[in-house]
Amino acid sequence: MIPSQSNSFSGSVITLYFFLLGSLVLRTLASSRLHYCRHDQRDALLEFKHEFPVSESKPSPSLSSWNKTSDCCFWEGVTCDDESGEVVSLDLSYVLLNNSLKPTSGLFKLQQLQNLTLSDCHLYGEVTSSLGNLSRLTHLDLSSNQLTGEVLASVSKLNQLRDLLLSENSFSGNIPTSFTNLTKLSSLDISSNQFTLENFSFILPNLTSLSSLNVASNHFKSTLPSDMSGLHNLKYFDVRENSFVGTFPTSLFTIPSLQIVYLEGNQFMGPIKFGNISSSSRLWDLNLADNKFDGPIPEYISEIHSLIVLDLSHNNLVGPIPTSISKLVNLQHLSLSNNTLEGEVPGCLWGLMTVTLSHNSFNSFGKSSSGALDGESMQELDLGSNSLGGPFPHWICKQRFLKYLDLSNNLFNGSIPPCLKNSTYWLKGLVLRNNSFSGFLPDVFVNASMLLSLDVSYNRLEGKLPKSLINCTGMELLNVGSNIIKDTFPSWLVSLPSLRVLILRSNAFYGSLYYDHISFGFQHLRLIDISQNGFSGTLSPLYFSNWREMVTSVLEENGSNIGTEDWYMGEKGPEFSHSNSMTMIYKGVETDFLRIPYFFRAIDFSGNRFFGNIPESVGLLKELRLLNLSGNSFTSNIPQSLANLTNLETLDLSRNQLSGHIPRDLGSLSFLSTMNFSHNLLEGPVPLGTQFQSQHCSTFMDNLRLYGLEKICGKAHAPSSTPLESEEFSEPEEQVINWIAAAIAYGPGVFCGLVIGHIFFTAHKHEWFMEKFHRNKRRVVTTSAR
């Protein structure tokens, strides 16, 4: 009885098993048939593909799978509905489409599309109104293209949208009132466009589903809504770099879900008032920088315990830092620079990761807790441009992971302590400029291989440069100007592979610059200022023959000159981005460069005791913008090769003993706006170029045999010419480049030098040579511009 029942039960189980298995197979087969892409969908996608000029030899990887022989539901970037087989998602981000979207595009035949992502596709032109026909879209991403026009009217029809991403294009126009139809919108990013808006208060309160809002870098000139508490899902709020006005948006901070707020770069004003901020606030990143907020830092800010990043810089805040800031136990990054804050710097700040308090009126340091001085946290400390005084703060020596230290423009005195060696291993920037530090620059750089920038200028340092600087293999800028350092020229710095800026001006350096055992000079130097020292001797004709960085243009380094006018030395990107600064004589005036332009090339040897000829090899430095050799004892003729310096803006050869003529070809240098040839022994005619004829008379004064100055100085001050002088002016140019040929031969070989020398024995070949030499010296620079 029992065995019979057991067999019956087993049979039932087996039957049920095969029934379920069969059902699953049938369902799978049926489902697989439905997965097939519909023909109309495939044809629409292929039509869309053919609208873009994709090379047959190099088809786009993402579109290479798109062909008639395969199921379009398995094409890359395509997703179909499981049941209907219709395309519901198209993601072609980073595919180089290189065209515009046509009104009749096959794309707009995909009526069931829910997700359309065409970011970074090199799309351009206006977006057609046909976009509004894709009524089922919930996600639209056209970011990072070159699209133009007024797109928002069409987008406003897409009332199912949850994500709208249009950032980094050139869209324009006002946000239409119909935009309020997008009530399901959760993420809105229209940043970095040219949208306008004068009444944000009408639009924003209706978008109650928003969790992320980014309208940064547009042309909005509105106030914020007085009541934003209805945006109860909001986490991210970014209105940076617009022209928003009004008072502090108190209601915004009553939203419990809020995590990130960026109000930077607007025209908000008045005191900072948080109101009844939620006790459960999740706000961790608050940026109110670059506005017109005034009054004190509110004590109530200490109640936002979740804060990690706080930036109140570039406002009109006054008074001390509230002691209650110590309650912000999660705070890691604090920037209060460029305000009118004063008093004591709280010691609790030394436990943070980055502290920026520059350009205020702080005058003392508060007591620090032992935990704040453990040396494990701080990476960046900027106390520049305050009223801090006394000896070097020794507690800084305990900060073992410092990457950037700026104590510039304060009242510190005494010596720089040797214990600073403890903080140099990770150090990338050390700025002690414009204090009253005295004594020797300590030998603390043995382990400072990461140091990019050292500026100790405008102090009272003496002695010699520490030889441990030779270990700073990443050094780009060394500025010891305006001290009383007495040493010979640090020729050993030639071995630093990245040194671009060397400033030794206004010290007591002495001796020669030229050493026989150093054959190739500073290959990467872009700017050198050794003015107002005691250097002496002659400069070899080959002295500048291998200063390659002054020969190579930014265009050749990077393959493109896009944006190079906005690049500055020292700006390295997110890991380290601190601009280098300097002071030097520019266009006859002592000028403070808060940032050093990336393209700037300059040589200032003025105010020394050099004599002999100016090296002809200076004519190789075709990227040079400034050349100042004034106040020396150079003799003989002005090199004809200077006419090759087509980017030269400033030339000062005054107060030497130069003779002969001013080279006629200098008159063709169109950028040469500032020049000085005064107090020499020059003769002959002044070149006729526009830049020469627009100079002040003092540019040529005390050269008694110069003539052609009637338009510049007036007839009463213009000496007359003689036929003899006119004949002397037609001197042969083949003397000019013998030294250049020798310089080239000196490096690559005698044969190259002889060939180039032969070329330059033919008159008027300078530009041809520079073009060829320039091309042969082309380098690829892998470091990013900053």
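First residue shown is number 1, and so on along the chain.
In case you wondered, yes, glycine gets a Cβ from its N, Cα and C as well.
Listed in Swiss-Prot for this protein:
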type	residues	note
CARBOHYD	Asn67	N-linked glycosylation site
CARBOHYD	Asn115	N-linked glycosylation site
CARBOHYD	Asn133	N-linked glycosylation site
CARBOHYD	Asn181	N-linked glycosylation site
CARBOHYD	Asn199	N-linked glycosylation site
CARBOHYD	Asn276	N-linked glycosylation site
CARBOHYD	Asn434	N-linked glycosylation site
CARBOHYD	Asn447	N-linked glycosylation site
CARBOHYD	Asn471	N-linked glycosylation site
CARBOHYD	Asn558	N-linked glycosylation site
CARBOHYD	Asn628	N-linked glycosylation site
CARBOHYD	Asn644	N-linked glycosylation site
REPEAT	134-158	repeat 'LRR 2'
REPEAT	159-181	repeat 'LRR 3'
REPEAT	207-231	repeat 'LRR 5'
REPEAT	257-279	repeat 'LRR 7'
REPEAT	329-352	repeat 'LRR 10'
REPEAT	354-375	repeat 'LRR 11'
REPEAT	400-423	repeat 'LRR 13'
REPEAT	497-524	repeat 'LRR 17'
REPEAT	526-546	repeat 'LRR 18'
REPEAT	596-621	repeat 'LRR 19'
REPEAT	622-645	repeat 'LRR 20'
REPEAT	646-669	repeat 'LRR 21'
SIGNAL	1-30	signal peptide
TOPO_DOM	31-739	topological domain 'Extracellular'
TOPO_DOM	761-786	topological domain 'Cytoplasmic'
TRANSMEM	740-760	transmembrane segment
Discussion item. Which secondary structure state does DSSP assign to Asn434 (N-linked glycosylation site), in the simple three-class scheme?
Written reply: coil
Item to complete: Find the one among the glycosylation sites Asn67, Asn181, Asn199, Asn434, Asn447 whose C-alpha lies closest to that of Asn628 (N-linked glycosylation site).
Response: Asn434
Worksheet item: Which one is it: of the glycosylation sites Asn67, Asn115, Asn181, Asn471, Asn644, whose Cα lies the shortest distance from the Cα of Asn434 (N-linked glycosylation site)?
Response: Asn471
Worksheet, complete the sentence: Mean per-residue pLDDT in the repeat 'LRR 11' (354-375) works out to 83
Fill in: Rounded to the nearest Å - Cα separation of Asn181 (N-linked glycosylation site) and Asn67 (N-linked glycosylation site)
39
Response to the item:
Check: min Cα-Cα distance from Asn471 (N-linked glycosylation site) over glycosylation sites Asn67, Asn133, Asn199, Asn447, Asn644 goes to Asn447
Discussion item. Spatially, which candidate from the glycosylation sites Asn67, Asn115, Asn447 is nearest to Asn199 (N-linked glycosylation site), comparing Cα atoms?
Written reply: Asn115
Fill in: Cα-to-Cα gap, Asn447 (N-linked glycosylation site) vs Asn644 (N-linked glycosylation site), nearest whole Å
42
Discussion item. Given the glycosylation sites Asn115, Asn133, Asn276, Asn644, find the one whose Cα is closest in space to the Cα of Asn67 (N-linked glycosylation site).
Written reply: Asn115
Fill in: the repeat 'LRR 18' (526-546): DSSP-derived helix, strand, coil residue counts
0 helix, 7 strand, 14 coil
Worksheet item: What is the separation, in Å, between the Cα atoms of Asn115 (N-linked glycosylation site) and Asn133 (N-linked glycosylation site)?
Response: 14
Item to complete: Between the Cα atoms of Asn644 (N-linked glycosylation site) and Asn133 (N-linked glycosylation site), find the distance and write it as a whole number of Å.
Response: 61
Worksheet item: Minimum Cβ neighbour count within 10 Å among the glycosylation sites Asn67, Asn199, Asn644: which residue?
Response: Asn67
Response to the item:
Here the Cα-Cα span from Asn276 (N-linked glycosylation site) to Asn133 (N-linked glycosylation site), rounded to a whole number of angstrom, reaches 45
Response to the item:
For the repeat 'LRR 21' (646-669), the DSSP helix/strand/coil residue counts are 5 helix, 5 strand, 14 coil
Discussion item. I need the least crowded one of these glycosylation sites (Asn434, Asn471), counting other C-beta atoms within 10 angstroms of each C-beta.
Written reply: Asn471
Response to the item:
Other C-beta atoms within 10 angstroms of the C-beta of Asn181 (N-linked glycosylation site) total 16
